[in-house]
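Enquirer: Straight from TrEMBL, here's the annotation block:
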- 262, 267, 285, 346: Mn(2+) 2 binding site (BINDING)
- 267, 344, 346: Mn(2+) 1 binding site (BINDING)
- 274: active site (ACT_SITE)
- 342-349: domain 'Cytosol aminopeptidase' (DOMAIN)
- 348: active site (ACT_SITE)
Ligand code: BES
Ligand code: MN
Ligand code: ZN
């Protein structure tokens, strides 16, 4: 679906047509070798154009010189690399996105020789990844395409010191790229197209990458006693599903790591129905599940040396004659009972059964769940950080660190007996809503009752997964948040070497 570049890696040499991209520091000078290649006149031209455009070579800035005199190319795109500090913590994924946003012809060539900045093969691969993510758009349902919408067929050439090494590094990134795009596509799909069964079928198609996939239907879930998940599903004519994906790339006896996703394909709120304004956004209430599918795609594509379980709870939350009511009490697979106070607090009900199932069956090293769980997390963190809740400091610290490295940042929020107490119920073991105060923490406290001392982290992605602020690699509605974060977590900490 997504438009993409055809990307090539080539050794340094003459560039004779299309867009040419070069990098300059705050002194407006390219790296020495690039200066030589362009010639004195072109370097002077950059300085003159910079003065005219007030371009200062700052990081994250760029200017274009159209039909540059003395050069055979159509445009010279000059990208700033900023000062020394900018060079040290350069985000190459975002930089690749920035470049992709500037080119518009059929061919663009970037000379990846940056003044004062080391560009490793991994950095080149990151730039290629960023460029492709920037190129993404979701236009499957637009029948009248405008000319400027056609972004297919563009070629992007990276001129690098070691093309073979860059190519190899990019090959290892391509799975992540496809995983992010898969997650974005799933979140963008309309809810009439993507019900629980259709979503499960998309998960099932990972079998072609060597992922083992099992689908639990109504009957299987009843047998397991997943009363909380089934309680949410019962208001919809489309039955719920659980999909379990397994990638066994690690040693045979290694305990798996597990990822669990909230997959509410549409959240009307149920009988506690939501107001109409903006309700269409609730097609994205399956972003946690989409991330897990995208992540499994990424890990399997690059044959990650780890045993990984991905489990997603797929339901539709609808108001109906058969829908559950406030006041209902459901029995979860764990045996614990939950009083329904608000049928719109449905995500935690779905996750309660899936988390319990995963820890019970797989005895994982850890579990991380992702869920568009609460509006309250946006009140606390806006849309820049996902909320992180964890019973394990090591896992939490690792997530914070890979968050900084990928730009998919998380902020740790409190769990504890105070919040646990707030979900006590008059009639059951707990209630599913404790009102407005600490809404994200009380939701997490409920989940914690179903993790049974397994190291666990919960990521509340209600703010980051959709409608989040645009950046150089995301100009759409769904961001595919979490795929790059968790792929990196696995890569850095959980793969056999
Ligand atoms: N899916 C929503 C949370 C949400 C809101 C995600 C906005 C993305 C954007 C969740 O199921 C929900 O409705 N939560 C309620 C909980 C409340 C009833 C305790 C909320 O946040 O208002
Ligand atoms: Mn809800
Ligand atoms: Zn929801």
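Cβ atoms are placed via backbone N, Cα and C, with glycine included.
Since the structure is predicted, the reported quantities are computational estimates derived from the model, not experimental observations.
Quick one: how deep are these features, and who are their neighbours?
Expert: In the three-state DSSP scheme, residue 346 (Mn(2+) 2 binding site) falls into the coil class. Around the Cβ of residue 346 (Mn(2+) 2 binding site), a 10 Å sphere holds 30 further Cβ atoms from the protein chains shown.
Residues within less than 8 Å, Cβ to Cβ, of residue 344 (Mn(2+) 1 binding site) and separated from it by at least 6 positions along the same chain comprise 267, 269, 270, 272, 273, 274, 317.
Classification of residue 274 (active site) by DSSP places it in coil, neither helical nor stranded.
On its own chain, residue 348 (active site) has 373, 432, 443, 446, 447 as residues at least 6 apart in sequence with a Cβ closer than 8 Å to its own Cβ.
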Enquirer: Does any of 344, 346, 348 have a Cβ within less than 6 Å of an atom of ligand 2? These are the recorded positions; tell me which, or none.
Expert: 344, 346
Enquirer: If the criterion is a C-beta within less than 6 angstroms of any ligand 3 atom, which of the binding-site residues 262, 285, 344 pass it? List them in sequence order.
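Expert: Checking each Cβ against ligand 3, the ones under 6 Å are 285.
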Enquirer: Mind checking which residues reach the domain 'Cytosol aminopeptidase' (342-349)? Cβ under 8 Å, same chain, six or more beyond either end.
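Expert: Same-chain contacts beyond the flanks: 228-229, 231-232, 235, 262, 264, 267, 269-274, 285, 315, 317, 319, 323-326, 330, 371-373, 432-433, 443, 446-447.
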Enquirer: Excluding near sequence neighbours, so keeping only residues 6 or more apart in the same chain, what lies with its CB under 8 A of residue 262 (Mn(2+) 2 binding site)?
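Expert: Within the chain, residue 262 (Mn(2+) 2 binding site) has Cβ neighbours under 8 Å at 285, 286, 287, 288, 289, 312, 313, 347, 350, 351, 369, 370, 371, 372, 373.
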Enquirer: Please check the recorded positions 262, 274, 348 against ligand 1 and give me the ones with CB under 6 A, sequence order.
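Expert: From 262, 274, 348, counting a Cβ under 6 Å from ligand 1 as near, there are none.
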Enquirer: So around the Mn(2+) 2 site, 262, 267, 285, 346 aside, which residues have their CB within 8 A of the centroid of those CB atoms?
Expert: 263, 264, 282, 286, 315, 317, 347, 350, 371, 372, 373
Enquirer: So what pLDDT does the domain 'Cytosol aminopeptidase' (342-349) average out to?
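Expert: Within the domain 'Cytosol aminopeptidase' (342-349), the model's average pLDDT equals 99.
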